[in-house]
Amino acid sequence: MHLDHAEGFPQRHTYSAPLRTRPDGRRRALRIGLGGPVGSGKTATVAALCRALRGELSIAVVTNDIYTREDAEFLLRNAVLPAERITAVETGACPHTAIRDDISANLEAVEDLEEAVGPLDLVLVESGGDNLTATFSKGLVDAQVFVIDVAGGDKVPRKGGPGVSTADLLVVNKTDLAPMVGADLGVMARDAAAQRGTLPVAFTSLTAPDGIAPVTAWVREQLAAWTAVPV
Amino acid sequence: MTAPPAVRGVRAAARIAAVPDGRGGTALPLLAGDGPLALRRTRSAPGWARVTVVGAMCAPLGGDRLALDAEVAAGARLLVGSAAATVALPGADGARATYDTNLTVGRNAELHWEPEPLIAAAGSDLAVTTRIRLTAGARLVLREIQVLGRAGEAPGHLTSRLTATLDGQPLLEQELALGPGEPGWDGPAVLGGRRAVGQLLLVAPEFIDAPPNVTRLSADRGDGVALVTPLAGPAVLVTALAADGLTVRHLLDRARPPLPGAA
Amino acid sequence: MTAATHGERRHPARAALLVLADGRFPAGGHAHSGGAEAAVKAGRITGAADLEEFCRGRLATTGLVAAALAAAAAAGVDPRALDDAADARTPSPALRATSRRLGRQLTRAARAVWPSPALEELAASRPRGAHHSVVLGLTAAAAGLDPLDAAHAAAHESVSGPATAVVRLLSLDPFHATAVLARLAPQTDRVARRAEEHALAARTGGTSALPAASAPLLDLFAEDHAAWPVRLFAS
């Protein structure tokens with residue numbers, strides 16, 4: 001997997017995320033956004049990441065459901081994190097607005113979590129299932145993951161859109177279903193590379209043991225880069 | 001421009017002062033009724049004084065100016081009610097009537113102010129103002145019920161401003177402006193077609209540490225709803241809405257949280 | 001004074017008002033329905049006509065109060081006293097929490113857009129957030145707007161929020177929803193002017209000179225909504 005460290009955490013000029021520190025001067029948590037179409041496995045990816053990393057990192061999650069709490073409830077039911085580490089944000093039926101155009105409620109949620117259960121190493125912000133144009137504001141997250149799945153058709157990477165072409169990591173999920181839906185992973189990889197240039201792509205099957213491993217590795221590298229910069 | 005003298009309206013001011021009598025009870029050194037506001041001392045529980053406002057006339061009429069002041073000194077306990085509902089009626093010249101109530105409650109004093117409903121008859125125009133000045137440690141139960149129109153009648157016009165301060169700081173500021181000409185009063189943000197509204201304001205220092213939960217009640221019969229809301233200060237407001245005054249009253253009685261520490 | 005110079009003096013920063021009152025101003029308002037989500041569920045808003053009556057009542061009550069608080073803040077009345085006055089005018093705990101939350105979010109945006117020492121002072125004295133209308137007034141002042149502008153922004157917001165929300169909740173024709181706002185525009189202007197008068201009176205008469213118009217059903221809707229486990233809007 002290729003990682004473009006130089007572009008990982010560019011200098012930010014918006015008001016919100018650029019500060020790397022909390023009000024008390026300590027380093028704030030790295031914020032990673034996870035977006036993608038409905039049903040592609042965003043919540044499952046978040047759950048798997050939490051399970052894989054919660055032993056070594058202090059993690060919290062913000063969900064942005066269309067109808068609130070569904071995703072938060074899933075995470076709670078599956079007990080991937082204690083309830084106080086999961087916050088649901090209402091989005092007024094516009095999940096992409098809450099992560100891109102008006103990020104204030106999400107920033108509140110992230111900061112409230114840091115205050116309530118911090119210090120945190122990692123905050124995962126999960127968008128509500130939306131379309132291929134939904135991306136996170138750089139004022140909200142430091143890096144973003146876009147999750148698609150093979151069941152949505154192997155043409156999704158070719159179609160592109162801001163999520164597929166600009167996300168810091170593209171996850172192609174449910175690779176185990178590829179034979180059943182007639183999706184060609186090679187085509188998907190080639191089309192993704194055409195859209196994304198050197199940006200990385202991870203193929204996952206969350207039903208396999210440690211199927212989340214490529215994403216976990218990418219998150220660890222992001223964290224290493226994040227903490228390597230002195231505050 | 002001179003107003004015809006016949007329709008100038010009544011001006012009446014009644015005053016009550018309650019103080020501890022030194023023997024564990026409450027004395028009324030001042031009990032002064034006036035015109036339509038006649039006051040009677042009535043039987044009460046030990047420690048309390050009770051006053052009933054007796055509506056000697058059907059008031060207020062348009063153009064009337066009524067004022068009722070009560071001061072409950074530190075340590076005194078006063079209960080004020082009224083003998084019958086107050087009916088606001090139109091005056092001869094369509095002028096607005098005013099009804100001002102000023103209540104002062106001292107430290108460790110307790111006032112229960114629970115008059116019968118106020119009914120704004122068709123064509124009437126009344127502005128009610130209630131100012132309550134509380135000192136820290138004061139206890140208060142204040143009930144007001146307002147009904148728009150008598151049975152089967154069109155609503156009158158009624159504004160009701162309630163101001164309560166605690167040690168000079170605002171505790172509750174509310175104004176209802178109801179009836180013909182008030183934008184949206186009958187619509188889905190304000191009364192939603194109901195004709196009666198009531199409020200119960202309870203103040204006690206204990207509410208700061210132990211506020212009641214927000215509670216919502218529906219009327220047993222017919223259309224009506226009540227909401228119990230703890231205020232930002234040591235007070236609770238119960239609001240009830242219903243088709244008629246009786247239902248509002250029942251809702252307020254059912255929703256009423258106990259006044260902590262009350263005698 | 002000619003009409004032209006009068007106009008210039010009266011509106012030294014009209015474009016800033018458009019920025020502040022724009023529904024896309026990123027201060028969290030898009031996720032709030034102003035009670036409309038609960039009113040829709042209660043069957044009290046079913047179409048454009050109900051929406052108009054709902055907005056008319058909201059504008060005349062909490063809209064007027066918010067506009068007056070905002071105008072007073074823009075007119076230089078002590079923002080902490082206004083914050084207390086807003087508490088006293090908001091019996092519903094859910095609405096107090098919503099107002100402080102929106103105030104916090106607007107503070108965040110305003111700090112980046114129109115930084116001002118007055119806002120910083122208020123934020124420091126109210127770390128959990130000051131009431132939205134008070135922050136709105138200080139933001140308007142920081143943007144070079146006058147008290148009437150602040151009142152206009154608050155009054156407009158009191159109806160535009162529910163109207164936008166109902167478009168999403170009922171799939172109401174957006175032309176009809178916007179026509180509601182247009183029909184309410186004269187009342188919105190009247191409310192803003194009344195709010196300004198109250199605000200100027202409060203400079204000498206204190207916060208009790210501000211209106212306190214209340215709407216029982218809005219309180220009820222807010223508390224109902226806050227108790228739902230699942231909802232589209234934050235309020």
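Glycine is no exception: its Cβ is also placed from the backbone N, Cα and C atoms.
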Out of A:1-22, A:155-176, let me know the one TrEMBL marks region 'Disordered'.
A:1-22
Around A:PRO37 (GTP binding site), which residues of its chain at least 6 apart sit with Cβ under 8 Å of its Cβ?
A:GLY129, A:ASP130, A:ASN131, A:LEU132, A:ILE148, A:GLY152
Looking at the binding-site residues A:GLY36, A:GLY39, A:GLY41, which sits with the largest number of other Cβ atoms within 10 Å of its Cβ?
A:GLY36
Do any residues at least six apart in sequence from A:LYS42 (GTP binding site), in the same chain, have a Cβ closer than 8 Å to its Cβ, and if so which, in order?
A:LEU34, A:GLY35, A:GLY36, A:ASP71, A:GLU126, A:SER127, A:GLY129, A:VAL147
For A:THR43 (GTP binding site), what residues in its own chain, 6 or more apart in sequence, show a Cβ-Cβ distance under 8 Å?
A:THR63, A:ASP71, A:PHE74, A:LEU75, A:GLU126
Neighbour count check, CB within 10 A, over binding-site residues A:VAL38, A:SER40; minimum at A:VAL38
Where does A:PRO37 (GTP binding site) sit by DSSP, helix, strand or coil?
strand
What mean pLDDT does the predicted model reach across the domain 'CobW/HypB/UreG nucleotide-binding' (A:32-201)?
91
Taking the centre of the Cβ atoms of A:GLY36, A:PRO37, A:VAL38, A:GLY39, A:SER40, A:GLY41, A:LYS42, A:THR43 as the GTP site, the remaining residues of that chain with Cβ inside 8 Å are A:GLY129, A:VAL147, A:ILE148, A:ASP149, A:ASN173
Mapped DSSP class for A:THR43 (GTP binding site), helix or strand or coil:
helix
